[in-house]
Structure formats: structure tokens, C-alpha cells
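Enquirer: So that we are looking at the same thing, I have put the structure below in C-alpha cells.
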Amino acid sequence: MDALRKLSSLGRNQDKILDTASSSSYTEASVAEIPKASVETGGKDEASPSGLAPIKVRVSNDVGAEIEEKRGGDEESVGSGESFDSALERLAASSVTSFEPPSPVGSVGEQSQFAGGVSEDLEERGQEEYLYYDDYGDDGEVEKDGSEKDSTSSSSSSSSSECSSSASNTEDEMDISEYGASSERAMPLANPSGVTDEEEEDGKELKYNVERAVTAEENMPNGLKLGSEARGIASSSRGAELGNAFKDSREDHEVQEELTERSVKVAVENYDQEGEDADSTEIKKEFPRELTQSRTVIESPAYRFTSEPVDPALLELKSEKAQPNTQSFARIAEGESDADADADADDEDVESGDEHEDGYTEINIRQAAGKSESENESGNNPSLGPAGPSLISVLVRKTARRPASTAATDTQSSNAASSTQVAGTTDVNPSIEVNEVNETREKLQNIRVKFLRLVHRLGQSPQNVVVAQVLYRLGLAESLRGGSTRNHTRAFDFDRANAIAEEQEADNQEEELDFACTILVLGKTGVGKSATINSIFDEHKSVTNAYNPSTTNVYEVVGTMLGVKVRFVDTPGLLFSVADQRHNERIMGRVKKYIKKASPDIVLYFDRMDMQTREFGDVPLLRTITNVFGTAVWFNTIVVLTHASTAPPDGPNGTPMGYELFVAQRSHSVQQSIRQVAGDMRLQNPVSLVENHPACRANRNGQRVLPNGQIWKPHLMLLCFASKILAEANTLLKLQDTAAPGRPFGQRSRVPPLPFLLSSLLQSRAQLKLPDEQLDESDESDDDEEDEEEGDEYDDLPPFRSLSKEELEELSKDQRQEYAEELAVRERLFQKKQHREQLQRRKEMKKRATAMRKEGLSHPADEADDEAGQPAAVPVPMPDMALPPSFDSDNPTHRYRYLETANQWLVRPVLETHGWDHDAGYDGFNVEKMFVVKNKIPASISGQVTKDKKESQVNFEAAASLKHGEGKVTLTGFDVQTIGKDLAYTLRAETRFNNFKRNKTTAGVTATYLNDTIAAGVKLEDRILIGKRVKMVVNGGVLTGKGDKAFGGSLEATLRGKEYPLSRTLSTLGLSVMDWHGDLAIGGNLQSQFMVGKTMMVGRANLNNRGSGQVSIRASSSEQLQMVLIGIVPILRSLINCRFGFGGGQSSQ
């Protein structure tokens, strides 16, 4: 403890030796060369973040006095808010090395570099490893001149350091015995033989050197470089040059080990006193900047370095003939033997220079070291310029920072290390996904190479803004899809792809690339569409005329440009007048039909630079294009402005307008019109300028040059090729649904609404019947048949005489009640008798019709009319249509009255009951017709058209039934209905047959065509009657379309009353299930209706698996008029909500 107490007096002379760069050579001595001195330990040092008393080595008193003279007696503690650069300068100027033993409690969540050794993910790079100081935050600092750098490097190479660690882990995580060993290896300890125990066991010697790294890397004037000749943190590579300053001395290994153990105990005691939370919080605030090792960010141990004058008492610990310590700064981590084995393997890989996957992978130590998000943004994200994210600037910046030799060495060693790591991972966890990712990455790299070859052939630079954006988007798409792994750097991919592209172009300049582009040309008439095509191919391929439209049909122009097959679809010119939009629609219809054969990759919309329409005069034309092709056409469009050499007009002040301003105004005008018709104000279509006049200025190569100096043809083709390249990458990475063959402009075909179509498929439909079967029983008559009873209850009743009103007044109250009950019973029995007679009559008519069909006799239509009294011969008024309640005094029912005439076509108006127009609420009309085909097949046609101010709805249905045996009927139908803005065409067929007397089964198929997509499905339904009162219907089906599937089914159980349909008592329980995209929807509903006296009560309730439901009760009566008062409840509730604000959220729902 005496030695530790002496250390307390060593923490107050920190800044006395800051300017030792110009001092005597005594201040440049290394730790290993300092003579033995006494050691003092004391209390907590304010300069130490962890609160440990640092171990300080002092120089001679003469040197201390000389330094004190230069400093003027100023004393300041290191770590009191100064920057890492200042700490490094102080370290360079220091004549001593003052170091703290590593704390046994490293930082939480990760292993400290000094307490636990170097992180597992850091690779030992052998003799050429560098450790850089990454100071991105100080980009604005001006580097010192060469002399200052040399001085700094010289100072830092002989500098000493103090290492300390913060106490931030819990006491449970500490292992003092193990930590003692790690601390012994982490610090430069003397050994009588000059070799550590580890080096004796391994039979090798690992040496490291810490010195100032003065490189060309920006923002790194004070960086650190890890060499191969050092003995630890405190040793220096220039000790030999300054050896004459001090006498050779040897550190006593046992004394150093004892000091280490004692310091550890002090650290544990301080940690127990201060607590974990406060300590860790303080350390987080004092964390300095970062160290970057081969683009890998780790925590900087800057707070462990201090500079203090040497205490003479510490010289007693030094031997006069101490040898340099050769203890290596080894990596210490969990699984020590495994780490050493991995280090050996990595060293072998570095020596052999093997690369993994042609240099694609690289150890991503940034993630292993746990770099923060802000650091990732400052280190990885490319700069955002006016043209968007630029990858080239990032590549140039990173390449310029590292010397060529350093980059080559680091790349080789990183690839070798990553090869070892990836191989080990594959052996442990083999996965097919790795192979798929590598294959996808290779294909994407081929796309990059192809694009760069196109760029070289067009004479463009890889630093072009368009090229940079394409490469950036390819990298971004790859990372989003998972193709970019953590061992993969975009800079390396670009360099490799660019080198391959240049090599292939140098060997095969005339080779035809596996690349083709189809371009659709649209625009006004006379703007120069065909002339531009001729200019691109440098030959006359399209007919042009300066005075009349030359292109009257849609046709293809195919040619080869720079080894690339380019196909243009030339179209007739469009007229921009509102009255000519019909003409434009016909042309667009022909174009749409033509491009179904081959979908274009890009659309060029042409307009003239010198013809500007005001106040959105082109909107009608652009809207016609949008209505025909959809809004997706504008997301793949490049705006081309011809006659680009036109002189700019005069400005508002009478002076000629600048050319760039004129181009910007004209481009903005066209882009704004496109945004308006596309409905997306964020849309920004690229603009390309074109000049086809023979007198256009040209360069030495004969290429036409615009007034702004741009060669327009390579620029236009680069935009087209870039769009096609991005489309290929999208197809490869499957970022979104690709367009179906023949679908124009890469539009995403919408998936049909399968749940809606499946619900329509599962719906039961009634079978059509012949006219002579209309009076026959309904489809469910067999289920409703009742056995004839042996007697008629109504006939067995005694005689009954009705009482007059005067006689009822003479009866008492009880007698009047008994009379009403008797009258109700007789009325019910009479209705039952009539229902039974009706069923018997239907049976007889069914038997007679069956007998007549067997004998081959037909039932004349006029005979049926005679039996029915010929009701169709005389027009009769149809019942009045039920109108919604209104506060108008006039009842406009007469407006909707119509007659049923002898005509077979039935036409009726359609009233919108919820419309705003009460007096004239016609919303559409309905048409129906029933007829028979060849006297055997009943058929029906019905349609309805509705139209309001915004949209129209069309519904059409045609159906026919065909009997092919007893109890077997097939129903076919064709439906047309509006879904959104498209028409859905459905063809359906189903067959019903009787399995048993009380069981019917139905099987059906359907096919729907919607939006260029076909959805097909099947269904199966079974009906069964249990007794006379219970009926069950079970159905299920599946519908598929465009690779998507939907499953559904329903169960319905009906319980009828004993006297149904006379009593109208009915209860229904339903359950429906729908599965689409893995989303299971389950719903249940219950409905019951019954009579309470003369009041009909109807109750409904439904609930689904998402917890939403509804309950409703309805009562209708002609006697209990007081039920109208129930309507006051919602009115009072609304008034209360408005007055007091209660239930506002619920009422809004």
C-alpha cells in the first residue's frame, strides 16, 4: 500500500511538459528506457475517468525542472474537457508514460479493448496494419504544414501513454482472477528474458508499434498507426534514436505485476463505492472520438492517455539495465484459445493473399464494434446533391483518403480474413439463402457491368450525374432486397464493375450487347418525332414532311446503335385542340392495340421548345393520353423538347432571356401540365433537348451540340438505357410486381377483388322455369310439403256468427276478449286450410304437366292466358313505388307511376332513395325480359344502368336453365358489372341434382375477366331438410387469379315456426369464413322474427373475429302507435351531445 499511496501525488503535474517537442532528448524517452524509480499511489485522480490512481513513471529532476521552466508553472489536469486532438498533442509532448491498469469492469454491452482485449471482430493484419483516427466531425480543420506533421509524428513516435478503463459493468460480471491475467497481457510488462509466457508457449513473437500516422487521409492529421515493432501502448519506434538521452534500464516484472494487482483492487473498491449507474453515465459523457481500423469504428481509448512529469520516487522501480519489453498487445476475449487459433489462421490467410469470391466480401467491423446510428450516417451515406444521391462522390472521397499501398494491403488482408470467417460460418450454419444471395449479387453485378459498357460506348463518364444516380439506386435496391451483405462494399463493387467494363470494351468494342430497348414515341403533330428517330440512327428511316403530317399509321422502326438493338414505335401526331380529342382517342386506341404485342420500356413525349401554350392549353391532350393508357404512363416518360437551338425570346424588360432560364421555364411548363393530369405533384419527369436541323452546330466528331454545350443524342439515349437497366434490376430483385406481357408501360396489373368475386360465386340462385311451370311449386316446395291430415280442423269447428258493432258494445270486457280470441283462432285455421288447398292444387298441376310432356303435347300459351283471365292483354298500373320520408308538402309518387303493357320488355325507372333530389330522383332505369328458346329452355335478360354526377354503374345479367333428367337442372349465366372504373365479365355455370328426397347438391364453376386478369373458381353446395322445420345449407369454394387464391365457405341453419308461413316465425343462424392472403375473416350473424300479438318483432345481431359487430331490433305494428315515441330517443341523445359534448367520439362513428 506504500507504493499505491505514493501514486496519489503524481496526478497534479500533467501540463508541465506540453511543449516538449523542442525540449531535450530526455523527454523523448520510452518507458522501457526510464531508470528505476519509486512508485507512489494515492487517492482518486480527477483526470482519470474511472477514478483509479494512475501509475506514473517519472524522469530525472533535471528534465522536470527544464520542462517546468518552459511551461511557466501552469498546472492543468488532462481530461478536463479538452478534445482528443489536444490529448494527442499533450501525449506527443510528454516525456513520460503514465498509465492506469485496466478496470475490471468494462463498458456495458461490449468488450473493452484494454480490459478485455481487442474485440473479437478486429483482425490482426500482421506487419502492415494501421489504426486510423476518424474525425469526420472536424472536416473543416485545416491540416498543418509538412513540418508540423513531421514534428508531430516524431513527437508521437516517442510519446508515452496512460491506459485506463471506466467502471461500468456490474460486480457480477467481474472475474478478478481472470482479469488479472488479461491486465497483465494488456499492459507492457517487463520480463527478464524479454519474452512473455505466451510467446514462449506459442513459439512466436507478436510485436506492435504505436506511433503517429501521418498519411494523406483527410481529417486525420493526428491519427494513430499500429506497426510491428512496439511493445505495447507506451513503447516507441524511435527509441533507438533517442537512446543516448537516458541510460538503459529494465523494468522489474515482479514489481509491475504487483502494481497491477494493487491497482485492480483499488479499482474494485472505487467501483463498489461509486455504483454502476453513476459511473457508467459519467463515462458515456466522457467518451472521446473514435478510432477507425480499416474503415472500422471502435471506441477510442483516448481517455486512458495522460501525460505527467516523472516522479523521482518511481525511478526505484526501474532497473538500470532494463531491456525493452517485448510483451505483445494480444487480443483478449472469451474463448482465448479459439481467438488465438483464429488469429493464426488469419495471419496465414494474409500471407497467402487469398480472396473470397473475387473480393466481394469484407469484414464489417463497424457492426461488430456497435457503431451508433449517427456514426453510420456520417460514415456511409452518400452526399445528396441537386441531382439526388451521388455514389461517385463517396467513392472518390474514400479512395482519396487511403494510399494505394495501404488500400491494397487492407483489401487483401480483409478479403482473406473474411474468407476464413465466411467459411467457418458456412460450415456451422449451411444455408441455401447464402447461395441465392450470391447468385443475385452476381447477376446484379453483371447488370452494372452492362450499364457501364453502355456508358463507355455513349462516350459518357462514370462520374455523370445520371450514371451516379443509377448506380446508387442499384445499390439501394440491392440492400433493400437483402442482396448486399455486411461483408459487401459498394465502392469495391463499383471499382470492380468499372474495371471489368473497361476491359471488355477494350477487347470487344464492336460486340453486340445482350441489351435491347423499345421506345414509344408520342407527341403533337409536326414537333419532329420522326426526324428525331432519323437523327438517332443517322439514316433516313422515317418519312418526314415540313408542311403536312407524314406519319399516318403506327409502325416500328428497328435499328442498331453502338451495338444495341433499339426499336422505336412511331405514332401519328396528336392535335391539341379540345375539339380534336375524338381524333386523338382513335389514334391512342390504335397505339394501345399495337403495343400489346410488345410492351415499350420507355415513352418519349415530344413537344416543341419554341411553341409554348399558355394556361395549361395542353391539358386536354395530356388527359386523353392518361384516360387511354392510365396514369402509369407518366411514370415512365421522358419529355423531349425539339428545336432546342431556338433563340430565347425577350424578357419582361425587353432584353433577351438567358438560354438556361428559357429551358427551365419551358420544362417547368410541360412538367406542371403532366403533374396535373397524373394527379401527383411530386412527379419530376426528366427533360432532354433535341435539335434535328442540319445547320445545328457540331463538334469535331460530327455530333450535334446544343447552345449550352451539351451533345444531345448520347444524353437522350443514356436516359432511355438507364430506365431499362433499372427495370431489369427491378425484375431481378422482385421489388414490385412486374408487368404482364403485352401490358404497356410496365403498369402494375391490379389483382382482382377475389373476396368480392368469391362471395358472388357462393350466392345461391333460383332456377328458371318454363311458363307452364310458373304455377308449380318453388324450388323449396318439396321441402315444404306437409302430409295431409286426416281431417280439416276448420271444417270441424261449430257454427259461428259474427256480431255487429252494437252487439259488441253490449258485451262485457271479458266477453269481448273471448270473442276476439275465438275470431283469431278461426281466422288462423281458415288460412291454414287455404294454404293446404293451394299445395294440393300445385301437385295436381305438376302431375298434369308431367303427363302432357310424356305424351308430347304442348300447352298453348293462349290457353294459359284464358285460365288466368288474360291479364297481360290489358295494361294495368303497377304498384306505387315506396318513396323515402320527406318534409315536402307535395307527394311526387305520381312521377314514378307506370303501366305493365303487353310488351314482353319490362322497363322501370330506378329511384335513388338516398339521393339529394327528392322531386326528380331518377337515377337510372331497369330492363327485364323473360323468353323461351325452342320451347324447352327458359331464359331471362336483365340490366340496370345508373348514373350520377361522378360515376356510372352498369349491371347486366343473362341466364338460362336446361333440364337434362328428373331432378337435374343446369343453370348458365353471363354477367357484366362495374368494379371501380373497370368492367368485370363473368361466365358461370352450376348443376343441381337431387341425391335423396330431402337433399340437393349443387356444383358450379365460374371465370371472371377483369383488368386483363382472369380469375377462375369452383364451388360446392349441399342442402338438407331435417324434419319439417329445420333446413341447413352448407357451401364452400375457392377462387384463384394472378397467382393469388381466396377460400371461403358458409353455413346457414333455418328454424321455422310450426305454422310457417302463416305465423311468419323464422330464425336463422349463419356462419361465414373467408381466407385471403393468410388473413382469416370469420363472421357470424343471427336473425329472428316473430309475432307478439299483432306486432312483428325482428332482431338482428352480427359479430366478426375482429371484435366488431352490430345489434338491431325493429318492431312494426298498426295498433301500437305509441311506439313512435321511441324515435325521440336519438333526437334527445343528439341534443345532449351537442349541449354537453358527451359521446362525441361515438356519434362520429
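Placed from the backbone N, Cα and C atoms, the Cβ positions cover glycine too.
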Enquirer: What does Swiss-Prot list, out of His643, His668, His715, as binding the same GTP as Gly526, Val527, Gly528, Lys529, Ser530, Ala531, Glu691, Asn692?
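Expert: Answer per Swiss-Prot: His643.
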Enquirer: Identify the region 'G1' range according to Swiss-Prot, selecting from 523-530, 579-586, 995-1002.
Expert: 523-530
Enquirer: Would you kindly check 550-554, 570-573, 642-645 and say which stretch has the most C-beta pairs under 8 angstroms to the region 'G1' (523-530)?
Expert: 570-573
Enquirer: Against which stretches of its own chain does the transmembrane segment (1123-1144) lie, if we need a Cβ under 8 Å and a gap of at least six residues from its ends?
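Expert: Same-chain contacts beyond the flanks: 1115, 1117.
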